[in-house]
Amino acid sequence: QVEEKWDFVLVSDIHEVGSEKEIKRKKFLDELSKKGFTIKKIEDKKLFYGVRAPKQIFQKYQRLQRNPDSRPQNPNNNHNIPVTTRIQIVNFILQNTVTPDLEKLRDLMKKKVFETMFPLHEKEDFREFLEENWARWRTIFHRQPIEKIRCYFGEKVALYFAWLGWYTYLLGFAALAGVVVFVAGITVFSSSQVSKEICEANTTIMCPLCDQKCPFWLLSDTCTYAKVTHMIDNEGTVVFAMFMAIWATVFLELWKRQRATVVTDWDLYRWDEEEEELAMELINNLQHEPQQYQHSYLRSTIVLLLVLLMIVVQIGIAHALVIYRVIATALFTQSNLEFLREQANTMAVITGAVLHYITIVIMTKVNRHVALYLCDLEKPRTFSHRENNFTVKIFTFQFFTHFSSLIYIAFFLGRINGRPGNYVRIAGKWRLEECHPSGCITDLCIQMAIIMLLKQTISNVIEYLIPWITHKQRKKQQRPKKRSMMVWEEEEVEDPCKRQWLSNYQLNEVNVFSLFDEFLEMVIQYSFTTIFVAAFPLAPLLAFCNNLFEIRLDAIKMMRLHRRMVPRKANDIGIWLQVLEAIGILAVIGNGLVIAITSDFIPMLVYKYTYSPCVTENITGVDCSTGYINHSLSVFRIQDFEPHTKPGLAPTGLCRRYQDYRNADDYSYTVQFWHIFATRLAFLILFEHVALCVKLIAAWYVPDVPQSVMNQFLDRKHSNLRKELRWVMPQGPA
């Protein structure tokens, strides 16, 4: 017996005969029948309706989709429609079939007439191959079978995995470079002259870190912290930041070439998504009139204002995290535990990072609802336009959710807090945080490391466990109880479709955002890997390790835990490419700012070539950074503390130190401060212009489309034109 093939299954609760829901369901199924659909009903705890489209629909589609750049096809060949294309066409017709009550399937599902709809995971050769050779942990280092993924899930899913595989492959080179920079930093862990000076500064007394109960402290107490800072913040960091700016460009240019090769093999290089949608609209309804392009300046203005309002909310949350860190530092310094008092700043940074991760989880859900609402306000013409608009908005919101706190730590922490005797305070009470004398780059490194580790461990565990547990529960609930059989009874033959439909129904539901969520997760990771990578050279390594598991995790979810995703045609990764290019530019700006502002690279450079013993005393036998720490600390008179503050017991002496470039008499900025400020600005301009020029040269040097692909299209056009010309060649004399 030949197994019946069904394109889609609709699921409904069993409604009372004559009820409104039952009538609406019947009207919708009648409309499908009028279009020539075959419908099969199976009753269990739910009602299952299998639908199969008539051949004429696919013949119309083949007739309408004549691509002039594709390989020659036989117009009478109607049996070679891929399963993915069948599912896509049937899904479009189901979604756009209108009942006499002017209701579509989406409206009926909102009214609980139908519970869900899904295409079937079928026992195809492709599925068995993918389950054995792709959706297995043991194949983690194997090449992905992109062509077979395309044949089972469609081009959009295949392009996602092709992009993710290519990104992960090139991440390996970035990870290797990051590890080299990190190891080089470890080699100078104890040999850095600046670290040595801090460790030996047992007579340098620093100003208290808080107003109450905090003692004066010795600079040498922070010896280990200084060593860790200079392990991250060294000359190799500058080279690595430049390398990552070039890497981001080369990665995108090579991806464009890879994508061109792949979609050319699929005959989709010049495929037109708008034409595809118009064709399916006409197949569904010959009288259909296309929806015209519209633009409302009023609506766009409202959307823009709401987006700006949402960004202000995100920045407000970042401010709340700053306030938490300030208050937490004050509380930790007053703790009875000696460890908390000594490590108050570090503990505030760590707990602040965990709190930041929690806000990311919460705001991700809020951002999605707001972005969808704004898309509804815009009234996009087609689904693809809606998807593009949603992508830009959700990425913008997620970017500020993830990076607002990091931007504060990188560029504002320790620079807007004032000075001893005149601190900037929150609500006139709590002092803003200060940077360590070694700089704030370690705080940024800790924040990035914690967020990346939490996102990549907790998020991936949840991403796998929740679908797995849900699937097991649904399977348990739907398992039929076996009725005891009498000796003389014959066992009832079960419809083979019933078992298949039930097993597919027990899988987790997928929606239009299932693939979008995977893309968004990877693009946010790409942002972490490139924008502030100067502060955390191991970010590419963490991303590389995560992606090796992410590919197989996504494969297992799609093949075993989720219902079959509705395939969609595509010839690129869509607007995500523009988002990645924007991140590449932000990476140049971000890393330039980190080196110029967050890092101590510029102040040390200025000191070495302007104020060091090598220059002022013409000494050649010493390290040119000798004396840098003493040079970067300013003097403060204890009697100038604010009257309401109560610093701890002061040791003997008239003055104490703090990190800044200020005069000892009136606390105004010194000449060195303005010298360093000008150098920071000059370096930032130079770094960004050089990096952007290198990016442009790399983009020009690596063509978007390989010559083999261009020549293939050239030969195909030439061949088609020659064939056309044969029909008009003059005939010889009879």
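Each residue, glycine too, has its Cβ placed from N, Cα and C.
Per TrEMBL, domain 'Anoctamin dimerisation' is recorded for 79-146. The domain 'Anoctamin transmembrane' feature in TrEMBL is assigned to 149-712. As annotated by TrEMBL, transmembrane segment applies to 157-186, 237-255, 302-324, 344-363, 390-413, 523-549, 570-597.
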Distal contacts, the transmembrane segment (157-186) - CB-CB under 8 A, six or more residues away = 143-144, 146-147, 149-150, 230-232, 234, 236-237, 239-240, 243-244, 247, 250-251, 254-255, 258-259, 262-263, 515, 518-519, 522, 526, 529, 533, 537-541, 543-544, 547-548, 550-551, 554-555, 558, 565, 567-568, 570, 572-573
Using Cβ atoms only, state whether the transmembrane segment (570-597) and the transmembrane segment (237-255) have three or more pairs under 8 Å that are 6 or more apart in sequence.
-> yes
Same-chain residue ranges lying at least 6 outside the transmembrane segment (302-324) that approach it to Cβ under 8 Å | 352, 355-356, 359, 363, 367, 370, 374, 377-378, 393, 396-397, 400-401, 404-405, 407-408, 426, 430, 432
Beyond the flanks of the transmembrane segment (523-549) by 6 or more, those residues with Cβ under 8 Å of it | 140-141, 164, 167-168, 171-172, 174-175, 177-179, 181-182, 185, 232, 237-238, 240-241, 244-245, 247-248, 395, 398-399, 402-403, 406, 410, 441, 444-445, 448-449, 451-453, 455-456, 460, 576, 579-580, 583-584, 586-587, 590-591, 594-595, 598-599
Local confidence of the prediction over the domain 'Anoctamin dimerisation' (79-146), expressed as mean pLDDT = 88
Residue counts in helix (H, G, I), strand (E, B) and coil for the domain 'Anoctamin dimerisation' (79-146), per DSSP?
-> 33 helix, 3 strand, 32 coil
